[in-house]
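Pulled from Swiss-Prot:
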BINDING   CYS12, CYS15, CYS55, CYS58  Zn(2+) binding site
COMPBIAS  195-208  compositional bias 'Acidic residues'
COMPBIAS  214-225  compositional bias 'Basic residues'
COMPBIAS  237-254  compositional bias 'Basic and acidic residues'
COMPBIAS  255-265  compositional bias 'Polar residues'
DOMAIN    10-82  domain 'ZAD'
MOD_RES   SER168  phosphoserine
REGION    1-103  region 'Required for homodimerization'
REGION    156-265  region 'Disordered'
ZN_FING   271-294  zinc finger
ZN_FING   300-322  zinc finger
ZN_FING   328-350  zinc finger
ZN_FING   355-377  zinc finger
ZN_FING   383-405  zinc finger
ZN_FING   411-434  zinc finger
Amino acid sequence: MGVPTSDWIYWCRLCARDDVVYKVRERDDDLVRIISKCFDVEMTLEEPELGSMLCEECYSVIGQLITFSDSVSKVQAIFELLRHSEPQDSQDLDALRLEYGLPPACKQDLEFLDIDDTEDRCSLVEELTISDHSTSPSPDFEAQTVRTRANLKQCNSDPKVLASPTASIPEVETKRSRRQQFAAKRNSKVYTATESDDEEAILDEDEAVSPPPLKRKRGRPKGSGKQKNVDDSDNVTSREPDDNAKSKQDDKTSELSMSPHGSQSSNFVDYPCKICNETFMSFMALRRHKHDMHGGPKKYVCDHCGKGLKTFTSLVEHQLVHTEEKPCICPVCNAGFKNKARLRVHSQTHGEPKFECNVCGKKLQTRAILNKHKYVHTDERRFKCEVCGSGCKNSTALKIHLLGHTGLRPYVCKYCGKAFASNTNCRSHKWKKHPELASKEDETESSRVPVPTLEELRAITREMAKAKQD
């Protein structure tokens, strides 16, 4: 859960809660599309822009809507394929479902529908004889209650009653009534009277006959005050588990809460992706990452490198990688970036360190840097070199290592022309060999140079290894 705030611009855009955990951005096209389609709320598109924050509850609901929408699209594609297939064609339906990312066919076991016929018929007799509380009571209500009890006793003891025309109503209707009763019992949270309470109420009505009730307002149930007194003790006990459950939930989510300055507490919990080892702050963020990056068909293919992407927006953003265009410029150091998301992450490096390591206490500017730093305290080397087999603790170290295999030295000292594989070594060289010139450098001047990505370096070194084997 997020930290409550009094600034309304940071409230949840859908429910106005102040404990927000997620900010909707322009690149979250699925979120923006679903919210616009279902609720007619144009997030990130207003002029002037309103708040685009979501609380954990709303973010979870929208995530389920996105997943359900994708599932519906897959199902419609399957139906279109089956509709245009010939009747004599044999289709492996299970394989077809798996091809479109759907689980194998399964039947849901509804236990509450497996009810004894005797119980169904007895409950039907009870429904037919007891008048509804929402209707105005008849004058002979007490006599009708006595008849109801007699009918119930006869239903439980005499098998002839079960064979009567009243009890021989089709089984479908009885199951439907039982299903409605089950849904009503499950949805009720406050007024849950037990069978013993109902029997006591009937006995009280038999012993003391109340005067004819006064005419009440329309829609108000008869005996609401009495029902409230009967269930008063149950209400007290029923609220206690809710409070306990809420306190447990708060304790569980407090570990993920952030400080008022935006920094994460030392007791943070990471949710790692088992496929790419990227970590996330919440389970919902991890699930969305798996859905966007590792799940579903990738129908948009890049013309330059053949990479498949799930959305057209992702394709347009990816195609910037193959160009020199960097439309997003940092106002502090004039560094250029392909999209606003990378610029937003980079802008955090110019601020005060906010993310604290819970092992050594070191503070870092961004969460990504913190995640890389945490592997300093472990012996795990997840990133392996395919050429020499050596391991690195993070992707940056592997990238520098692969640059050494390729012989590329993209970082060049502008004072003496010496080239380096990493920008850190280049900056260190400037301060050691050219301290006077380095101190006069313009800090706003961008020092970034085009460097191959980690995937491109892996492809280059893989081809080099094949060439050596041949």
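Each Cβ is built from the backbone N, Cα and C atoms, and glycine gets one as well.
Residue counts for the zinc finger (383-405) under DSSP (helix as H, G, I; strand as E, B; rest coil) come to 11 helix, 4 strand, 8 coil. Simply put, out of 271-294, 300-322, 383-405, 383-405 has the most Cβ pairs sitting under 8 Å from the zinc finger (355-377).
CYS55 (Zn(2+) binding site) falls within a strand segment according to DSSP.
Comparing the binding-site residues CYS55, CYS58 by how many other C-beta atoms lie within 10 angstroms of each C-beta, the top residue is CYS55. In the three-state DSSP reading, CYS15 (Zn(2+) binding site) counts as coil. The record gives CYS12, CYS15, CYS55, CYS58 for Zn(2+). Within 8 Å of the mean position of their Cβ atoms, the other Cβ atoms in that chain belong to TRP11, ARG13, LEU14, ALA16, ARG17, VAL20, MET53, LEU54, GLU56, GLU57, TYR59.
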